[in-house]
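These come from Swiss-Prot:
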- LYS81, ARG84, GLN120, ARG137: isopentenyl diphosphate binding site (BINDING)
- ASP127, ASP131: Mg(2+) 2 binding site (BINDING)
- ASP127, ASP131: Mg(2+) 1 binding site (BINDING)
- ARG136, LYS230, THR231, GLN270, LYS287, LYS296: dimethylallyl diphosphate binding site (BINDING)
Amino acid sequence: MNNQSLQRAAMISEHLAPTSELNMNQTSAPIKTAKEELADFVEIFPILTNEILKELPGMDMPPQTIAWVEKMINVNVSGGKMNRGLTVLHSLQLLVEGRQLSRSEIFLANVLGWCVEWLQAFFLVADDIMDQSITRRGQPCWYRQANPISNNGTIGSIAINDSFILESCIYILIKKYFRNEPYYADILDIFHETSYQTELGQLLDLTTQPNRGDFSLFTLNTYRRIVKYKTAYYSFYLPVALAMLMAGITSTPAFSTAKDILLPMGEFFQVQDDFLDCYGSPAVIGKIGRDIEENKCSWMICQAILNGTPEQINLLKKHYGLDNPTDVELVKKIYGEIGLKKIFKDYEDESYAFLISKIKSVRIMPQEVFIKLLSKIYKRDL
């Protein structure tokens with residue numbers, strides 16, 4: 001083991017349960033339950049947060065600024081389902097096929113998992129401002145929360161800058177834990193690429209409804225393009241691709257195969273999300289759905305246009321995109337008349353069968369990587 005590897009092992013060992021006589025790169029971790037893996041994942045969050053915060057005094061940041069950053073990270077990064085973050089570890093476990101991961105590998109996979117969660121937080125803080133969303137994860141969106149310094153207003157547009165800080169944290173953590181890894185540049189590339197793809201997806205999402213009542217852009221082709229870039233890359237491809245890099249996979253066909261399955265899986269996930277935005281309970285999904293009020297190009301409106309009568313579509317043009325309860329309820333009533341719940345159920349079953357068929361044809365990497373991810377989202381909270 002070279003000096004750089006020894007230094008990295010020593011740094012990681014500081015954050016793990018005491019095993020001072022053990023070589024961190026050779027010691028296998030005991031097999032754990034899903035609940036224990038989640039607990040381990042959550043346990044390192046304050047460690048990573050501290051890595052960010054401890055740099056700030058040396059940058060001459062005053063106490064109130066440090067406190068702001070700490071609260072902003074705690075509110076926005078933690079508290080979700082953490083499925084994206086845990087997918088890195090779960091995928092790596094399956095990719096090494098038959099070998100038990102070392103404690104060091106588990107820790108590093110969880111660091112990358114938290115970087116994915118930080119990326120998600122960066123997107124959501126900005127997205128909530130652009131969409132004028134009300135709640136996130138069962139509490140007011142960050143920009144709507146009380147300003148912790150002035151105490152006489154909300155955080156408001158300061159949250160825009162906070163989203164930038166959240167993005168910067170990702171690269172601080174990657175540099176600290178992965179700078180000496182052979183795949184360091186690849187990790188940086190994929191995070192930069194995924195950020196750009198998601199930002200383009202957000203632009204597509206925000207510019208497909210320029211005039212209320214104009215449904216010309218509300219097509220499934222437009223919808224699929226939005227979803228591919230806004231959701232599928234960062235939610236599905238990124239965590240698995242990070243695990244592949246950690247596993248030493250460099251084959252271009254392997255990454256192409258992963259993308260070929262994970263991007264359609266991301267569309268499947270977003271269609272579920274659109275359905276839940278309309279019919280899901282805020283207590284279950286953690287937010288108040290606003291796709292109708294915001295005139296969004298959602299799967300629901302695209303299917304309504306495809307399956308509705310001319311009279312129903314004309315009514316939708318009059319009432320879709322208006323921010324008041326009466327219009328929203330009328331839109332939902334029309335959705336019910338068109339039978340969107342049945343259309344969604346059929347779509348879900350057909351998409352699941354399609355994805356299973358694609359997964360069964362995979363030979364270049366373990367099929368279970370994709371099966372495990374699909375099992376997490378099929379029939380979720382519906």
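Glycine too: its Cβ is placed from the backbone N, Cα and C atoms.
The structure, with features from Swiss-Prot marked on it.
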residue	record	DSSP class
ARG84	isopentenyl diphosphate binding site	helix
ASP127	Mg(2+) 2 binding site	helix
ARG136	dimethylallyl diphosphate binding site	strand
LYS230	dimethylallyl diphosphate binding site	helix
GLN270	dimethylallyl diphosphate binding site	helix
LYS287	dimethylallyl diphosphate binding site	coil
LYS296	dimethylallyl diphosphate binding site	coil
LYS287 (dimethylallyl diphosphate binding site) CB neighbourhood, other CB atoms within 10 A: 19
Extra residues within 8 Å (Cβ to Cβ centroid of LYS81, ARG84, GLN120, ARG137), isopentenyl diphosphate: GLY80, MET82, ASN83, GLY85, GLU117
Cβ-based isolation winner (fewest other Cβ atoms within 10 Å) among the binding-site residues LYS81, ARG84: LYS81
Neighbour count (Cβ, 10 Å) for GLN120 (isopentenyl diphosphate binding site): 21
Residue pair ASP127 (Mg(2+) 2 binding site), GLN120 (isopentenyl diphosphate binding site) - Cα distance, angstrom, rounded: 10
Neighbour count (Cβ, 10 Å) for ARG137 (isopentenyl diphosphate binding site): 15
GLN270 (dimethylallyl diphosphate binding site) to ARG84 (isopentenyl diphosphate binding site) - Cα separation in whole Å: 14
Candidates LYS81, ARG84, GLN120, ARG137, namely the binding-site residues, that fall within 10 Å of LYS287 (dimethylallyl diphosphate binding site) by Cα distance: ARG137
DSSP-derived structure type at GLN120 (isopentenyl diphosphate binding site), helix or strand or else coil: helix
Cβ-Cβ neighbours of GLN270 (dimethylallyl diphosphate binding site) (radius 10 Å): 22
Length of the line joining the Cα atoms of GLN120 (isopentenyl diphosphate binding site) and THR231 (dimethylallyl diphosphate binding site), in Å: 10
